[in-house]
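J.: The topological domain 'Cytoplasmic' feature in Swiss-Prot is assigned to 1-4, 75-145, 201-221, 279-290, 337-351, 401-418; the stated evidence is sequence analysis. Residues annotated as topological domain 'Periplasmic' in Swiss-Prot, with sequence analysis given as evidence: 26-53, 167-177, 243-257, 312-315, 373-379. The transmembrane segment annotation in Swiss-Prot covers 5-25, 54-74, 146-166, 178-200, 222-242, 258-278, 291-311, 316-336, 352-372, 380-400 and rests on sequence analysis.
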Amino acid sequence: MFRRLLIATIVGILAAFAVAGFRHAMLLLEWLFLNNDSGSLVNAATNLSPWRRLLTPALGGLAAGLLLMGWQKFTQQRPHAPTDYMEALQTDGQFDYAASLVKSLASLLVVTSGSAIGREGAMILLAALAASCFAQRFTPRQEWKLWIACGAAAGMAAAYRAPLAGSLFIAEVLFGTMMLASLGPVIISAVVALLISNLINHSDALLYSVQLSVTVQARDYALIISTGVLAGLCGPLLLTLMNACHRGFVSLKLAPPWQLALGGLIVGLLSLFTPAVWGNGYSTVQSFLTAPPLLMIIAGIFLCKLCAVLASSGSGAPGGVFTPTLFIGLAIGMLYGRSLGLWLPDGEEITLLLGLTGMATLLAATTHAPIMSTLMICEMTGEYQLLPGLLIACVIASVISRTLHRDSIYRQHTAKHS
């Protein structure tokens with residue numbers, strides 16, 4: 001047992017450095033190509049001329065597509081192992097290391113050029129790769145899947161500053177394939193990754209800063225639960241839209257570079273209306289949580305961002321949709337809150353409360369992982385007073401979504417690439 005805890009600690013350290021390496025590479029490319037040192041792609045887009053804002057995501061997608069197509073042609077005669085940690089965990093626990101690194105580099109290109117895709121997906125993949133590489137050299141084969149799971153949880157903890165949510169994400173998604181006794185090393189890796197990440201970044205701040213002054217009352221629980229019902233209906237719709245957009249891009253029968261470039265061009269066109277469509281949505285979420293906009297502003301940004309996310313994911317841009325899903329959930333919750341605020345008092349507090357609820361419940365509706373979704377929002381914002389209400393709402397959202405759409409976003413992704 002001591003050996004496992006020691007390895008879990010090492011995996012956590014490796015994962016933290018993998019996440020930090022990707023984050024610093026991203027900041028470097030943003031500084032080189034966008035003259036942006038703020039870390040916010042929305043700020044970068046705002047400061048660019050319209051024509052650069054239009055073309056930058058398309059050029060990034062084109063470069064990533066050329067890289068992926070070139071690698072595919074170079075290795076077409078070789079046997080292929082998984083390049084995704086979910087696939088590796090469902091097979092024999094092995095990665096195609098070179099292809100996974102190329103995929104991460106392609107993700108770096110589309111992320112730094114403004115595509116509306118999550119950077120955290122590549123971070124978690126690199127963390128799992130680092131764990132797998134270490135495990136294959138120093139541990140028996142039957143443990144490889146455990147250490148990949150530890151690496152993925154640690155990467156999630158370092159990326160989102162949510163070690164418990166990262167651990168439970170692995171447990172919920174892999175329920176039935178991983179015994180509860182294995183959760184100990186996963187938690188150790190996640191916590192160590194968070195601590196090392198805090199040391200590297202010289203900060204232990206929460207991911208999102210929220211000023212929620214409301215004390216949750218009976219009325220608020222009713223609103224939270226109703227938001228869960230709404231998210232349970234919206235989750236399957238979002239998954240269906242993503243699947244339809246992917247099929248639409250595939251039906252065009254474009255070469256990968258042009259397909260990714262088209263997705264980037266759509267993001268560029270949308271950014272002419274609002275720069276907020278650039279990036280994974282983190283800075284937009286923070287601005288909404290700091291000062292919730294008016295109903296029509298939320299609606300406009302939501303529609304543009306939703307189209308950008310669908311274009312980016314549908315075109316096959318390598319990256320995650322975890323953080324974009326958080327923004328979509330926030331916007332749905334805030335739209336619901338603003339609408340209720342027309343009749344109820346404390347409209348600002350209701351909007352903020354239901355925005356946070358929307359983040360958790362839409363995440364639960366798309367991942368079918370309600371416990372993880374609840375803990376993630378609490379860990380990212382520090383609003384643990386919401387935990388009881390969010391847990392109920394997330395379970396409701398997950399049940400409704402699972403009833404309407406059998407596959408979660410991860411099962412849908414696996415089926416799409418199998």
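Positions of Cβ are set from backbone N, Cα and C atoms, glycine also.
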J.: For the transmembrane segment (258-278) and the transmembrane segment (291-311), does the number of C-beta pairs under 8 Å, pairs 6 or more apart in sequence, reach 3 or more?
T.: yes
J.: Which residues, given as numbers and ranges, are at least 6 beyond the ends of the transmembrane segment (352-372) yet have a Cβ under 8 Å from it?
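T.: 165, 168-169, 172-173, 210, 212, 214, 216, 220, 223-224, 227-228, 230-232, 234-236, 238-239, 285, 288-289, 292, 322, 325-326, 328-334, 336-337, 340, 381, 383, 386, 389-391, 393-398, 400-402, 408-410.
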J.: Is it true that the transmembrane segment (222-242) and the transmembrane segment (54-74) have 3 or more CB pairs under 8 Å, sequence gap of 6 or more?
T.: no
J.: Find the average pLDDT over the topological domain 'Cytoplasmic' (279-290) in the predicted model and report it.
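T.: Mean pLDDT, the topological domain 'Cytoplasmic' (279-290): 93.
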J.: State the residues, same chain only, that lie 6 or more residues beyond the ends of the topological domain 'Cytoplasmic' (337-351) and have a CB under 8 A from a CB inside it; answer 'none' if no residue qualifies.
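T.: Apart from its flanks, the topological domain 'Cytoplasmic' (337-351) reaches 212-214, 220, 223, 292, 294-295, 298.
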J.: Kindly say whether the transmembrane segment (178-200) and the transmembrane segment (146-166) touch, using the definition of 3 or more Cβ pairs under 8 Å where each pair is 6 or more positions apart.
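T.: Yes, the stretches contact each other.
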J.: Can you work out which residues elsewhere in the same chain, 6+ from the ends of the topological domain 'Periplasmic' (26-53), have a Cβ less than 8 Å from its Cβ atoms?
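T.: Distant contacts of the topological domain 'Periplasmic' (26-53): 108-109, 111-114, 119, 268, 271-272, 275-276, 278-279, 283-284.
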J.: If you count Cβ pairs under 8 Å, which stretch among 5-25, 54-74, 146-166, 316-336 touches the transmembrane segment (380-400) the most?
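T.: The stretch with the most contacts is 146-166.
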J.: Most CB pairs under 8 Å with the transmembrane segment (316-336): which of 5-25, 54-74, 146-166?
T.: 54-74
J.: Quickly jot the same-chain residues contacting the topological domain 'Cytoplasmic' (279-290) by Cβ under 8 Å, restricted to those at least six beyond its ends, or write none.
T.: 40-43, 111, 114, 116-120, 208-211, 298, 301, 305, 309, 319-320, 323-324, 326-328, 330-331, 334, 352, 355-356, 359, 381
J.: Can you work out which residues elsewhere in the same chain, 6+ from the ends of the topological domain 'Periplasmic' (312-315), have a Cβ less than 8 Å from its Cβ atoms?
T.: 61, 110, 115-117, 242, 245-246, 248-249, 259-260, 262-264, 266-267, 321, 324
